[in-house]
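If you look up Swiss-Prot, you'll see C16, C18, C36, C39 marked as Zn(2+) binding site.
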Amino acid sequence: MKTGIHPNYKKATVKCACGNEFETGSVKEEVRIEICSECHPFYTGRQKFASADGRVDRFNKKYGLK
């Protein structure tokens, strides 16, 4: 690899819209994000499950199978 062409890699503070902050490595000093693991519904357990029937399920309901 050539020397002097790569950006400097440093510690970066990641700030979420919910107020959570954590450190990671990046070429930027500060990274702002809209959603993180502290406020994302999948990680917090507030996830809503949509019950979408597939084509096979609709066929089975229609013809009384299973």
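From the backbone N, Cα and C atoms, a Cβ is placed for every residue, glycine too.
According to its DSSP assignment, C16 (Zn(2+) binding site) is in a strand. Around C16 (Zn(2+) binding site), the same-chain residues six or more apart in sequence whose CB sits under 8 Å from its CB are R32, I33, E34, I35, C36, E38, C39, listed in sequence order. Close to the recorded Zn(2+) site, the chain also has A17, G19, N20, I33, E34, I35, S37, E38, H40: residues not among C16, C18, C36, C39 whose Cβ is within 8 Å of the site's Cβ mean position. Under the DSSP three-state reduction, C36 (Zn(2+) binding site) is assigned to coil, being neither helix nor strand. Cβ neighbour count for C18 (Zn(2+) binding site): 13 (other Cβ atoms within 10 Å of its Cβ, all protein chains included). Taking all protein chains in view, 17 other C-beta atoms sit within 10 angstroms of the C-beta of C36 (Zn(2+) binding site). Cβ contacts within 10 Å of C39 (Zn(2+) binding site), excluding its own Cβ and spanning all protein chains shown: 16.
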